[in-house]
Amino acid sequence: MAIMVDPPNGMGNQGKYYYSMWQTLFEIDTKYVPIKPIGRGAYGIVCSSINRETNEKVAIKKIHNVFDNRVDALRTLRELKLLRHLRHENVIALKDIMMPVHRRSFKDVYLVYELMDTDLHQIIKSPQGLSNDHCQYFLFQLLRGLKYLHSAEILHRDLKPGNLLVNANCDLKICDFGLARTNSSKGQFMTEYVVTRWYRAPELLLCCDNYGTSIDVWSVGCIFAELLGRKPIFPGTECLNQLKLIVNVLGTMSESDLEFIDNPKARRYIKSLPYTPGVPLASMYPHAHPLAIDLLQKMLIFDPTKRISVTEALEHPYMSPLYDPSANPPAQVPIDLDIDENISADMIREMMWHEMLHYHPEVVAAMSAR
């Protein structure tokens with residue numbers, strides 16, 4: 001539970017209350033009443049809370065010492081810039097970023113999201129039964145949210161069950177945009193680490209430089225297979241093992257299936273693997289609907305140029321009971337996520353401050369009145 005505590009050194013800041021959760025100090029705006037901690041990760045701690053002004057339940061994520069690690073700081077800044085623009089019922093909503101007291105020296109960031117009950121990883125590993133309707137509805141919502149992102153030229157690049165939040169109504173929302181980039185970006189971001197290995201597309205495993213939205217579709221296919229089978233389809237131990245597991249299921253590739261590989265060494269490796277006929281997905285998931293298997297096969301195609309797109313997946317017969325094209329408008333404008341990777345920590349801090357101002361017009365008004 002959240003325990004109210006005295007401020008550090010007995011010196012509290014106006015407009016802030018202090019709470020201890022899991023031996024971590026939270027300095028949060030007085031309008032929020034924390035309930036209990038609900039999650040912990042490398043980034044920090046998440047607690048559930050109530051907004052006194054609206055009576056709405058929210059999730060507060062504290063990112064501790066965000067500037068200690070430059071990569072984490074840039075990830076956080078990108079997520080703030082992106083979520084300010086995104087408005088879709090299958091994408092998590094960032095409702096507030098708490099203003100720190102000291103503009104030039106703050107170390108922690110407090111993000112306020114809509115509150116969800118669990119995530120798809122927890123559901124998959126639970127004993128709770130999942131019907132065809134459950135699997136279909138989760139996949140539909142994931143594809144809807146992803147179609148919206150792709151319409152804004154955004155690649156998520158880290159889709160996995162743990163990044164898909166779910167509530168008691170089975171509503172699903174995509175979260176964690178720290179690795180997201182614009183599809184138009186070129187250069188160094190294309191070769192850096194992306195996507196948790198088990199959900200990583202072949203073109204990433206093979207170090208192809210020019211990838212696009214199809215990497216997210218592969219991840220969706222892996223997630224859908226995990227929903228159907230209640231375990232990861234390709235639980236590789238390292239990169240080469242990951243490729244072997246994929247080929248063992250899909251079967252040995254034809255010459256035309258390898259044309260997209262622009263790395264000669266990578267192409268030689270795939271060709272060196274022993275011949276395998278593959279394993280029919282219908283035999284791996286014998287209880288799945290035949291149309292579900294057909295769609296899964298189209299998402300898990302080795303060659304990204306032949307893989308189904310998000311829009312095509314939504315138009316697949318398996319989705320026809322749920323999909324209404326007129327109810328899925330695209331994002332309004334493409335979003336610019338390009339940030340100079342070499343900017344100083346002070347500049348990242350200043351850019352975060354300006355992102356916070358979008359949620360606090362009262363601070364902007366006070367600054368203008370000076």
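Just so you know, glycine gets a Cβ as well, placed from its N, Cα and C.
Worth saying up front: this structure is predicted, and the values here are computed from it rather than measured.
Annotated ATP-binding residues in Swiss-Prot are I38, G39, R40, G41, A42, Y43, G44, I45, V46, and among K16, K61, K81 the one listed with them is K61. Here the binding-site residues are I38, A42, and the one with the most other Cβ atoms within 10 Å of its Cβ is I38. Annotated pair V46 (ATP binding site) and D158 (active site, proton acceptor), C-alpha to C-alpha distance, rounded: 20 Å. If you draw a 10 Å sphere around the CB of R40 (ATP binding site), it holds 12 other CB atoms from the protein chains shown.
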